[in-house]
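Asker: What TrEMBL records for this protein is below:
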type	residues	note
TRANSMEM	A:36-53	transmembrane segment
TRANSMEM	A:59-77	transmembrane segment
TRANSMEM	A:111-128	transmembrane segment
TRANSMEM	A:140-159	transmembrane segment
TRANSMEM	A:196-216	transmembrane segment
TRANSMEM	A:223-244	transmembrane segment
TRANSMEM	A:273-291	transmembrane segment
TRANSMEM	A:297-316	transmembrane segment
SITE	A:THR304	site 'Important for channel permeability'
Amino acid sequence: MSNALSSWTDVAGKNPVLGFLDINLRGAGQVIFQNNPLTGLFFLAAIVWGAIAGGQIDIAIGAVVALVIATVTAILLDADKASLEQGLFGFNGVLVGAAVPTFLADGATMWFLLVVGAAVSTVVMLAVSKVMKTWETPALTFPFVLTTWFLVLGAYSFGQVPIASMGPPALPHAVSGAETAVNATELFLAWLKGPAQVFLINNPVSGVLVLIGLLVSSPWAALLAALGAAVALAVSLALGASLASITAGLYGFSPVLTAVALGCVFYAPSARVLGFALLGTIFTVIVQGAMDAGIAPIGIPTFTAPFVFVTWLFLLPKADLQPHPHAPIQGGLFKKKS
Amino acid sequence: MSNALSSWTDVAGKNPVLGFLDINLRGAGQVIFQNNPLTGLFFLAAIVWGAIAGGQIDIAIGAVVALVIATVTAILLDADKASLEQGLFGFNGVLVGAAVPTFLADGATMWFLLVVGAAVSTVVMLAVSKVMKTWETPALTFPFVLTTWFLVLGAYSFGQVPIASMGPPALPHAVSGAETAVNATELFLAWLKGPAQVFLINNPVSGVLVLIGLLVSSPWAALLAALGAAVALAVSLALGASLASITAGLYGFSPVLTAVALGCVFYAPSARVLGFALLGTIFTVIVQGAMDAGIAPIGIPTFTAPFVFVTWLFLLPKADLQPHPHAPIQGGLFKKKS
Amino acid sequence: MSNALSSWTDVAGKNPVLGFLDINLRGAGQVIFQNNPLTGLFFLAAIVWGAIAGGQIDIAIGAVVALVIATVTAILLDADKASLEQGLFGFNGVLVGAAVPTFLADGATMWFLLVVGAAVSTVVMLAVSKVMKTWETPALTFPFVLTTWFLVLGAYSFGQVPIASMGPPALPHAVSGAETAVNATELFLAWLKGPAQVFLINNPVSGVLVLIGLLVSSPWAALLAALGAAVALAVSLALGASLASITAGLYGFSPVLTAVALGCVFYAPSARVLGFALLGTIFTVIVQGAMDAGIAPIGIPTFTAPFVFVTWLFLLPKADLQPHPHAPIQGGLFKKKS
């Protein structure tokens, strides 16, 4: 596999068209941290399969269009070439392009927002990266989350931007007790839908394609994605989350990303790291429930924000574990006058 | 003009009273980034004209009082002298002072909040500047936005702080279709109100005074303000925003600031920079619609937050365009033990 | 007193069990910035007294369990030893452990969330400290606030996590006029409850125990806590805040923390510093009212967030008081090509 990849990289390096294709495929792969064009191809296949199966081909078209626009914007902005070639300016675009047609109705204004959002996602990627690099921490999918929050929230103010499926805005209210039990088949399908919902796709076959895409690039990533989805399933069931959400994979996608990010991408796998990643994955499920309630009054989805916030919190500590003491700050409030 | 300005600066430098006046006039001018006392005078004239025309003279008094208090607070805190002399500790105060009497009813508690808020705006300016300087990025009007959010939101908890005009808090709901068309005169007035609403003034004559104030300091700034307001008008109409908001200039003031900031203040004007500023200006309109919906449940205005967030996102990338790669962090989770 | 403390420190340094006890007691003491095991003992006594008096012993058990778990998590993560020995990894845990049984109903899932939250509070402490150290500023109790917001907000999504006392979510609405007056006894008790509510305890005796705990460590801290609670009482009454909230001490605990933090912990007491701390304390009351209204639609408490945000804003300026000028950024948007 790595020989074939290396040959492809050589070919792509010599041909500008294949090179551009390569960057975009890697961009798709980077949604789950894989700098690998074959992985990206499997991820795009997962989106296309899910979009066709769901009768919403505009989701697949949107994802590809936005991926290309985000990448081209990075080129126009003279973004760092090495980062560009790893696909780091494409993965937020793919997600913007899959999300906008999922939540907004097809039409000229939807495509206008999608194109503007894809270009802006690259600017936001540069901005968030600049800030997070201060602490050697990646931007993750926050550029997608922030950009798309603005795009879909705006729909409530704009009469020419009809909403397809989200909201309506509502105050959260306490729920109590467990719902009717689910059977083993539903649980199995819910487990597979976790990886698919990373791309906003509610389809178990797409989940399998995502896992295969990870496997060809990193067995650890595939394993941790599968384990992360399983942990999320167990915790969300035990806490009594909505069964409709659980069986649609909506409690699974953020924990999948947290498990892969903490367990094998940014830290090298070890017993302690896996324990740390497990704590982060469990906490991601709690944060998913919290953010679903917290965002309900404004009627938009949380996207991958639970993954982003938890993973940032678990990446920031790293090797330097010394907080500022509760003692006077050097220099005090006023400069000493000489 | 620059000779007259230079003579004034000489005179103001020698007379403490005129020097203090100069700092405060520059503080007013810095609301739209102009280190120019004459510009500040035009901006104050725009506020006074709008306040009198609207029968709310306390807005003009509040703006001047808060400007002076914010400046004095900076002096008491030994703030950086060069920044002080450029008026960088006054512009948030002016806006706090114009906003509080606009949204809260006249009375002793309103003035108490205005005075506390004006002093706090200088502390917040220092705090936000400290953070944003890490990435060579300015605080913009965020100190005004944050301070005033707290002041007016508190009114819902305090029985002695009556609300004059904002809210009531409400969940956002989907709107659909375009409203009845507006005529050319209304559009022309809406366009002029954009620059005026930077100072929370709903008056086209004030908009002309703001544009003249910019012109005497920077023709580029005046041009970009006028263009920014026009782009905002076109985009908000095309997306089907509320006509009442559009004709009051409420979709115009943040894009005006974004256009000036990105187009000629923090980047030097060029074809690529103007394209970049255009993208930012369009996105500001979308963010305005999004934030209007998102903030509705708590019943307060967005102030210039859409400008601040978009401009930060478009300023942060700057020359250094390399995100953290999706690869292991140096040092890992645990320190190596020797 | 300091001799006894120094003898204890010697003994604790030689015995691992007493050493662990010492770290945990200091952890409790650090809730109000005191690196002192006796202070921590008084603070724990205040929690136990209040929990028993209120018939909710699980609050006291939760506080101790979470304190120990947070400390152990720091040890497992190889956190900085000097910080650990000062109790800097315990104080957020104590608060998580007191808050969760206050707002969620007793049961297996409540204890699961409490244990996960206590461990996560240490990770969040490391993360927030890493970020804030960039500006030589402490994390304060933000790790407690953020972690517990997620834990209790999740209850609205999880059927197996019953809510004990918070919410229901509601839109804020304008209140007007002052309520019936309170008598001197109620005011006196409200004043004592301010320091107690730092630990989520609504009991005047606990407030006295907290003040004694401060006194044995730092007379300045005790004095500023008492003054902070008094200022908060005066300002909240003058602004017409809810009498039920005022007499429960809910307008007092954040200002107590702000007054101590700004007045004697992070800046050395002086006339100018006390004036600065007074401004911060008054503003904390306003922010408390604002956040109470702003958080109402999602039905969770603000915890110590008003203290954290105001104190951050007032600590960040410190000695370096020079914002970025409103002038071009060095390097511009694009790198110069050679």
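Placed from the backbone N, Cα and C atoms, the Cβ positions cover glycine too.
Just so it is clear, the model here is predicted, and its values are computed rather than measured.
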Asker: Take the transmembrane segment (A:223-244) and find every residue of the same chain, 6 or more past its ends, with a Cβ under 8 Å from one of its Cβ atoms.
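Answerer: Counting only partners 6 or more residues beyond its ends, the transmembrane segment (A:223-244) has Cβ contacts under 8 Å with 32, 175, 177-180, 182, 187, 190-192, 194-195, 210-211, 214, 251-252, 254-260, 263-264, 277-278, 281-282, 284-286, 288-289.
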Asker: Which listed stretch (A:59-77, A:196-216, A:273-291, A:297-316) has the most C-beta pairs under 8 A with the transmembrane segment (A:111-128)?
Answerer: A:59-77
Asker: Validating a neighbour-count step here. Other CB atoms within 10 A of the CB of A:THR304 (site 'Important for channel permeability'): how many?
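Answerer: A count of 28.
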Asker: Any idea what DSSP makes of A:THR304 (site 'Important for channel permeability'), helix, strand or coil?
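Answerer: The three-state answer is coil.
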